[in-house]
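Q: The domain '7TM-DISM receptor extracellular' annotation in TrEMBL covers 33-160, 174-376. The annotation transmembrane segment is assigned in TrEMBL to 175-197, 204-226, 238-260, 272-290, 302-320, 327-348, 354-374. Annotated coiled coil per TrEMBL: 392-447, in sequence order.
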Amino acid sequence: MLLVFFHFLTFFFQPPLKVDKTDQEIILTISDLAHFEDKSNKLDFDQILSPQYQKRFQLNPEFKPENYNKHSTYWVKLDLELPEYNGNYVLEFYDQSIDSINVYIAKDSSGFDEIRMGDALPFHQKNIHHKNFEVILQSNNHYQAYIQVKNSQYADIRIAIKRIDRFIQYTLSEYMLYGLFYGMILIISLYNVLIFFAIKERKYLYYTLYILSVGLYAMCIDGIAYQYLWPNQPILNQFAYGIALFSIIFWSILFSLKFLNVKQRAPKLYKLLLMVFVARIAFFIVALFIDHQLFQLRNIEIIPLSLIFISSIAVLIRGYKPARFFVLAYGILFLGFILKALVMQSVIPFSILTYYSLHICFILEMLFLTYALSDRVRILKANRDKALKRIVTQHEQNIALINKINKDLERKVAERTEDLREKNSLLEETNNKISRQYNEIAEINSILDLDNWRLQNNIKKIQKERLSHKNLDFDEFSEIFSSSDECLEILADFKWKSSYTCQKCDNEKYIENKKNYSRRCTKCGYNESPTAFTVFKGLKFPLHKAFFIVYSYLNEDKYTLDEMAEVLEMRRNTIWQFRKKVDDEIQSNGKSYLNALLSYGYDRSLKFEEIQ
């Protein structure tokens, strides 16, 4: 009782804060109020009332929000005198992320009542179901209050004293704006997810998930998630914002890589972004499962966001036009973060506009990113239309050219027809002469045919003698064995000229492949190439060149390896290996098979010439 009496005596000697009847709202920061810092975190309310600690309550106009020590407990003293008014007043704490707020309040020198608040408690324990923390005060009364504040992270101890009508008006307007903000997020998300399902481009899915992550993060820092998503799970308030913030960075990096095509347009920045991406994932895992306090290091997000911003500028400089709105969007987002930081550091004055500057910038960023996506489609459509227009123009030019050519052809056909009519009579007259001479020519032709037959037999004899007497060069040889395909056909005909027997099952029925002249067994399906089980198996160079090497080897031509390589345009080592293979074949089976093959090919070539 003595402590309480001393307390009231202390308050009596301190001038109270008198609220004027015309004041609808008064906002006080911790620097405007007497307070002291309990670094021990052990003092209770009874100890605070003692003279030892009462004298420690002092005004500190130099105190700024960044001076807040999250390891301490702060005690704030408030002496308030409310005017007569037809309604109540509200004592409101703006920072809805504070873990614990204990208000010890007395009215007109009566005993103190304790009111416990904070986001560590279930939402239904609040006096008013509002995102902030409020205490109802009756008008025309004198209040003395001690406020104990404890938070695991930065806390903005900002207290508002409002008339109830002002509070209701402010709350309705605020929640209406929240509805517009989150409604726009849902509408933009729905719009982009529908586009994703329509055209199946992943960048729209990434962007949708990025927008939803922004919405979740905003709900966490606004206290809306605490009110509507997990009112009975206050533990989520300690780290849900960190998950949402990680999700923003995660999807923004994926969206940026996909939209800007950084891998192709800025490869070095692409690798750097991937490194930051992996590092951010590792940091998130450590923060989520080991130390939730790491979620408070929000300033690290400047690294990935800066890289994204720099990448967008680099891509824009390289001529990618849709990146211009991307750069503008992230420029606005950076402006929002800067304004928010300046407000939190009390560099610029607190106001509704500055407090919600980040929300406004989020909306502008989403709108510009959405426009960037549509601008990309517009540019692609414009390019397609230009290409289509060029095709149509070219088609029209082709039609005009065809019509001109057709007219010229018709004119020339008419001229030619008249010319033919004139010459037809001449041809008829000439034909009569030709018919008279036909019998004479037929007799001459019979004589010429006999001479030609004799000449061809002489040519065959000469060429065969040249072939057997080792005096054909590669060009002459190529007149007989002109191509690898022809040689493959000759080899197939020679190999199976008598009969076909499957090497696997001895079946004699087969199906011939007209393209590569192979034969497939109808019983076991074994497919045998013409070169299989011959000296030509596994060749890596044209077959007609292999025939020439065999020919020169059989006839003991004096070609050196270097000369042969120059003639055939092949590697010396390749020719040496094949000649060794031919030599092994001759050592094993003699020359008869290879000589017979060349002779068969030569005879077949001459028969083909006779048919032609």
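Each residue, glycine too, has its Cβ placed from N, Cα and C.
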Q: Any chance the transmembrane segment (175-197) and the transmembrane segment (238-260) are in contact, meaning at least three CB pairs closer than 8 A with a sequence separation of 6+?
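A: Taking Cβ pairs at least 6 residues apart, the transmembrane segment (238-260) and the transmembrane segment (175-197) are not in contact, as fewer than 3 fall under 8 Å.
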Q: Below 8 Å between Cβ atoms, which of the listed ranges 204-226, 238-260, 354-374 makes the most pairs with the transmembrane segment (327-348)?
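A: Comparing 204-226, 238-260, 354-374: 354-374 has the most Cβ pairs near the transmembrane segment (327-348).
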Q: Per DSSP, what is the residue tally for the domain '7TM-DISM receptor extracellular' (33-160) in helix, strand and coil?
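A: The domain '7TM-DISM receptor extracellular' (33-160) comes out at 14 helix, 50 strand, 64 coil.
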